[in-house]
Ligand code: AOF
Ligand code: ZN
């Protein structure tokens, strides 16, 4: 690793400390280096609060050194007046010598403009140091900004012989209590969760976070023909988004509606989520809905549990064969498939 990469790695590590508290903003870290020594560090700590750069600048004990220093920042310094003044202007004001950027910002308010402000002020600027790592760290933010849809995680549990449920849609006892707890943790990490009609009907899930500390995601059910029984757990008093094709629909305080004019179109649902600034979505089945996401090539990650049981026959688990994959990782009975975000 080059010294540049080592300092950027430290900035990445600092950025990670903002995890869970800065969304929908990206996690950003910043390190200030003078003569090979770190003299200041900071990160974006909380949504609405100061960005990484002012925090790092303010941490420097001897500000006289700043004009002779290099600033390592994981994301291009911002150029806009948002909740705080532009970070690029701050770095110009402080007369820093050089700025090393992890990756450029995809936010249309910033993209390239921050780097330009620095260059125009005569500051040496380089970018693209550990950019893959930065993009990976903020995969939800970059996917949302660039693809204008949430980052999509598909999740299912399959039997050893490749079934997701029995022929009567019963899917009990494929996974174990540990995987279930992990799933609750995952739910707490994403903005929204979605299931299809048959899963809502036969699994009767609540789609909230119970076996982990954390926030509940926005719950979404696709029920094209409005056939779901209102006694199901999903129709309890908490907020639910219902996606459907039919015209008739009764009004209710806790139900939001996404009417799909042109048949069953995933993109239309995603457009609605984009408008609502939902940056990530976990899809928990069933096979039909998961296959639809795969067929339309609208997914970024799949998390697949494989249980020890065999059903012999039933509903086949989705297959991701033929898709462009970035990485596959097996840990115990969990297979994680990641797709490139480039
Ligand atoms: C930076 N440093 O630490 C972060 C940046 O709503 P605001 O005003 O906080 O602005 C959010 C946008 O600023 C966000 O969408 C992203 O483009 C950029 N985030 N920029 O220079 C930081 N967190
Ligand atoms: Zn900023």
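Just so you know, glycine gets a Cβ as well, placed from its N, Cα and C.
Keep in mind that TrEMBL annotations are predicted by a computer and have not been checked by a curator.
Not measured: the values here are computed from a predicted model.
Residues annotated as active site, proton donor in TrEMBL: 53. Of all Cβ atoms in the shown protein chains, 30 besides its own fall within 10 Å of the Cβ of residue 53 (active site, proton donor).
Residue 78 (Zn(2+) binding site) falls within neither a helix nor a strand when secondary structure is assigned with DSSP, and so counts as coil. Same-chain residues at least 6 positions away in sequence with a Cβ under 8 Å from that of residue 78 (Zn(2+) binding site) are, in sequence order, 51, 86, 87, 88, 105, 107, 109, 110, 114. The Zn(2+) binding site annotation in TrEMBL covers 51, 78, 87.
According to TrEMBL, the feature NADP(+) binding site maps to 157, 173, 199. Mapped onto three states, the DSSP output places residue 173 (NADP(+) binding site) in coil. Residue environment of residue 173 (NADP(+) binding site) contains 11 other Cβ atoms, counted within 10 Å of its Cβ in all protein chains.
Counting only same-chain residues six or more apart in sequence, the Cβ atoms lying under 8 angstroms from the Cβ of residue 203 (substrate binding site) belong to 171, 195, 285. Residues or ranges marked as substrate binding site in TrEMBL: 171, 187, 203, 207, 210, 284.
Feature annotation from TrEMBL assigns domain 'CMP/dCMP-type deaminase' to 2-125.
Residue 210 (substrate binding site) is surrounded by 10 other CB atoms, counting those within 10 A of its CB over all protein chains shown.
Under the DSSP three-state reduction, residue 157 (NADP(+) binding site) is assigned to strand. When DSSP labels each residue, the domain 'CMP/dCMP-type deaminase' (2-125) comes out as 42 helix, 27 strand, 55 coil, counted as helix, strand and coil in that order. Cβ neighbours within 10 Å of residue 87 (Zn(2+) binding site), excluding its own Cβ and spanning all shown chains: 31. Cα separation, residue 173 (NADP(+) binding site) to residue 53 (active site, proton donor), rounded: 50 Å. With a cut-off of 8 Å between CB atoms and residues at least 6 apart in sequence, the same chain places 193, 207, 208, 209, 212, 214, 216, 217, 282 near residue 187 (substrate binding site), listed in sequence order.
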